[in-house]
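A.B. asks: Could you have a look at this structure, given as structure tokens, before my questions?
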Amino acid sequence: MSLPQPPTITKQSVKDYIVDPRDNIFIDCEAKGNPVPTFSWTRNGKFFNVAKDPKVSMQRRSGTLVIDFRGGGRPEDYEGEYQCFARNEYGTALSSKILLQVSRSPLWPKEHLDLVEIDEGSPLTLKCNPPPGLPPPVVFWMSSSMEPIHQDKRVSQGQNGDLYFSNVLLQDAQTDYSCNARFHFTHTIQQKNPYTLKIQTTRGVMETTPSFMYPYGTSSNQIVLRGVDLLLECIASGVPAPDIMWHKKGGELPTDKTKLENFNKALRITNVSEEDSGEYFCLASNKMGSIRHTISVRVKAAPYWLDEPQNLILAPAEDGRLVCRANGNPKPTIQWLVNGEPIESAPPNPSREVAGDTIVFRDTQIGSSAVYQCNASNEHGYLLANAFVSVLDVPPRILSPRNQLIKVIQYNRTRLDCPFFGSPIPTLRWFKNGQGSALDGENYQRHENGSLEINMARKEDQGIYTCVATNILGKAENQVRLEIKDSTRIVRGPEDLTVKRGSLVRLDCRIKHDSTLKLTVTWLKDDTPLYIGNRMKKEDDGLIIYGVAEKDQGDYTCVASTELDKDSAKAFLTVLAVVSAPTNRMTALPKERPERPRDLELTDLAERSVRLTWIPGDDNNSPITDYVVQFEEDKFQPGLWHNHSRYPGSVNSAVLRLSPYVNYQFRVIAVNEVGSSLPSPPSERYHTLGASPEINPTGVQGAGTQKNNMEITWTPLNATQAYGPNLRYIVKWRQRDTRESWSNETVRTTRHVVWNTPIYVPYDIKVQAENDFGRAPEPDVIIGYSGEDLPSVPRYFRIRQPNLETITLEWGHPEHPNGILTGYNLRYQAFNGTKTGRTLVETFSPNQTRFTLQRTDPISRYRFFLRARTQVGDGESIVEESPAPLNEAYTKNHVDIATQGWFIGLMCAIALLVLILLIVCFIKRSRGGKYPVREKVEVLDHEDHKVDDPSFDYSDEDNKEPPGSHTSLDGTIKQESDDSLVDYGEGGEGQFNEDGSFIGQYTVKKDKEETEGNESSEATSPVNAIYSLA
């Protein structure tokens, strides 16, 4: 999930940072954010130009400063106060101010010490005054021959390093006294010139009442800061040496955090709080009297958090607040900054209101994201906290893998996880088997992180649980399937047996378990795995031993286990020897286990070895064959004994090989043919010296748990492999086959998660062990992979239909698998027009890219949905349809001609032409009918006379025109047409028109044609065709 995020400081150096001048300087500053932050530094309040100094650089993808002195230079030149700034477009985060100081171990000033002359019985103080180192050196007193000075209640070293004698004795002059200072970083010891004492003896040492050597007087004041240790000290002189007792006025000393040191001369109270203020007094007394000194203790406090501001994610128009509450003595002042600048000088923000230790946001808007800093300070120190305000508009998202399966044993507690995210913060509800109401009740417990806890899983709790996250932008859901399994129980286990040697033995182990879980049955003998030899037979419900021998005697344990639980049962098998009648008529003595060894002693102590010696116990009539040496250490697995080595029964001393930095304790077990003895009492402890680790962790793996991360895990070193204190692991990684440098992180756990990784890319991984003594050898490189995601669509998807019975599908692997392909899902359904069939599903292996479908009918088409799958889930579908059948293609291409535009236009043109012809005919008809009958007869007579005229073409009925033509009134020959004027008249007989004129002659030919029959078909005339339709 990639969301905008302002920077957050994830790692920084301590505020008071003292470095070794012999090493390069690393000032840590790391931050996360999206986009990835950029870094800059200030030194003593001014911008520090890293690029300007060739000795200074910043680590890649980090703000960590590296000051390299391999080419020379003075570390002291870089002392000062540093502060780191991490920026991106959504804000700026600040580190604390880091005071960098270089360690110093100055030489002891040269001085000449005179002989110290003093009377016997008098008090004496030898001053140390060590040179002021950084950090201060550790002081101790020795003689010039490097022998420690014996200290007791009479002679002791004070907290200031001085050596105090309550009274001097004559024996104190037998040695000299030299103060030594050990400096932390250089591990060097400097020695002061020794004091030499000369004791003046008297006839008798006078006894004296106590008197305080430190502190002086009867009272003093002391200020201590909250959370640190309070150390009160009273050193008194007197003869005899006084005893010191401590009291608190008006109350008791806090016993749970009080400790007396330095022969009761010092009182230490750890982790001081305000209630430890008050008056304490020390009482110094001997038989001559007592004195008291009162120390008034006041507890001040550097600022400490009451409410540290937390990151705030708001949705647009949402309200929120940042709270910064701190306490201290004196009460700290609170200062707010935004993106590293005082909030008073920052650009105004109308949605923000500062009210002392609280900033209230109302009606926030996109674009107002920023990083706010709260600085709480008083005269004893300061606190700086970053908290970003990110304004996001994000619908709910479920962050866990989809469709998880959880198995749990009946009546056990279990938890269903459903991590989620959204802005505004979604509300989350759980449902079971699609119920309409949310889960609630005594058996269910819902947590703020989205988990649902079932206190006691019962059979009725089995089912599918759905978590639904909802906000105003939408909702998201995920399902978890819960299966309740029966517990594994041994209903009939083995029983203690006593058998004779050579007989057959059966040890029962009848088991009841859940049939859906794989059951594994193992047998142990004396708590170690049993080797099933030729004389033994392992059955489903027990173990058979044929021909039992004495070595078969011991504890037998049946262990029944599944992936969820296990059960065990134990019994002891005793084997009796078959005793023949002795020749001397004496009864043979019974054989028993040997008595345990005793009086263990460690000698020849060395760094990597020690000699262990023991006194054997009674063998109880069966010779001891072996000794097993076991060890226990108290750092990693206290109380757990491990086998170290095994030795013949003829020895009682052995040199044991040891590992560095282990606090060993040993014990010995004797073994004879009957069995093993009880363990011996343990030896004294022996702590070996530390060293660098010699091996690195095994089982290194890198795999993504989410699409943008990679979790690196390994098997840690055990107690005998750590070799030193503060065992840690340097985890390094870089993207494989790139030129990027190694990223690294030092952790003390067995895992590390790398975030913001590309999807499913290989990484080079190294995990190296390290302790306070150094590092293990360079580890091997392991290849891991970042997280997987949903795959892209297949590269292509082709559908062929070779015949009407089958359809062939072919596809290519996704261009971006985004992980290891686990297969393909194909959903398809038949359809015919708007009708669809039921959806069918096929799953394929990741190597299969071809599938042939047998059609159920040759008419329907098919719609296919293909998607690739990784372990994260199914990717996006690619959708294709099968080709159309032939009859459907013909129907689609055969278009009704009556609906085509060109045909409609042609018909309209013909209709218009007919209309014009009709109009012309009517006009002609009107013009030809308006003359007298007399004139018409004359015209007819005139035509009769034309018969003899050879220029006039005349045809009678026997001599008629060719088919398809006739003679017009004007003597020209025209193609035959059915459009005779008779068709436009009122009848077939001769008639008079409305003005009385005779028009019968126009019907003569029509009558004749009707009598003779029409030789031409009316279908040949498009005009008649139209009128026939009319």
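Yeah, the Cβs are placed from backbone N, Cα and C, and that goes for glycine too.
Automatic prediction, not curation, is the source of TrEMBL annotations.
It should be emphasised that the depicted structure is a prediction, and the values quoted were computed from it without experimental measurement.
Taken from TrEMBL, the feature domain 'Ig-like' applies to 7-95, 109-196, 210-298, 303-390, 396-483, 488-574. The annotation domain 'Fibronectin type-III' is assigned in TrEMBL to 596-691, 696-789, 793-889. Summarising the annotation, TrEMBL assigns transmembrane segment to 902-923. The region 'Disordered' annotation in TrEMBL covers 946-1030. According to TrEMBL, the feature compositional bias 'Acidic residues' maps to 950-959.
Are these features on the surface or tucked inside, and what are their neighbours?
C.D. replies: When DSSP labels each residue, the domain 'Ig-like' (7-95) comes out as 7 helix, 47 strand, 35 coil, counted as helix, strand and coil in that order.
The predicted model assigns the domain 'Ig-like' (210-298) a mean pLDDT of 94.
Broken down with DSSP, the domain 'Ig-like' (396-483) shows 3 helix, 47 strand, 38 coil.
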A.B. asks: What counts of helix, strand and coil residues does DSSP assign across the domain 'Ig-like' (488-574)?
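C.D. replies: Summed over the domain 'Ig-like' (488-574), the classes give 3 helix, 48 strand, 36 coil.
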A.B. asks: Tally the residues of the domain 'Ig-like' (109-196) by DSSP class, grouping H, G and I as helix, E and B as strand, and everything else as coil.
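C.D. replies: In the domain 'Ig-like' (109-196), the DSSP-based counts are 5 helix, 30 strand, 53 coil.
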A.B. asks: Where DSSP helix means H, G or I and strand means E or B, what are the helix, strand and coil counts for the domain 'Fibronectin type-III' (596-691)?
C.D. replies: 0 helix, 48 strand, 48 coil
A.B. asks: How about the domain 'Ig-like' (109-196) and the domain 'Ig-like' (396-483): at least 3 CB pairs under 8 Å, pairs 6 or more apart in sequence, or not?
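C.D. replies: Contact absent: fewer than 3 Cβ pairs fall under 8 Å.
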